[in-house]
Amino acid sequence: MKCFAQIVVLLLVIAFSHGAVITGACDKDVQCGSGTCCAASAWSRNIRFCIPLGNSGEDCHPASHKVPYDGKRLSSLCPCKSGLTCSKSGEKFKCS
């Protein structure tokens, strides 16, 4: 029941979010299409989705830069798109 509630909350957040694009469930990057990675859910690391790589100005995780990554990602953020780097910007890390 707890998992069901988490999924419902996730779907509601996505429905009202302008930036979230989810392309499918996954376990590893190789299951996702080009330009995406298999990122952990922000609510449960046991749930992963294929999401787009970061564009300029979007949040990123500095230690998450290899695509495809062989293991299971622990971050809910994908690396930046090719040609961009994940750099500290104020209190957060952003693709630039």
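Using the three backbone atoms N, Cα and C, a Cβ is placed for every residue, glycine included.
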Looking at 20-24, 35-39, 40-44, 50-54, which one does Swiss-Prot call region 'May be important for binding to prokineticin receptor 2'? 20-24
In Swiss-Prot, Cys95 is paired in a disulfide bond with which of Cys78, Cys80? Cys80
According to Swiss-Prot, the disulfide-paired cysteine of Cys86 among Cys32, Cys60: Cys60
Identify, among the disulfide-bonded residues Cys26, Cys32, Cys78, Cys80, the residue whose Cβ has the fewest other Cβ atoms within 10 Å in this structure. Cys26
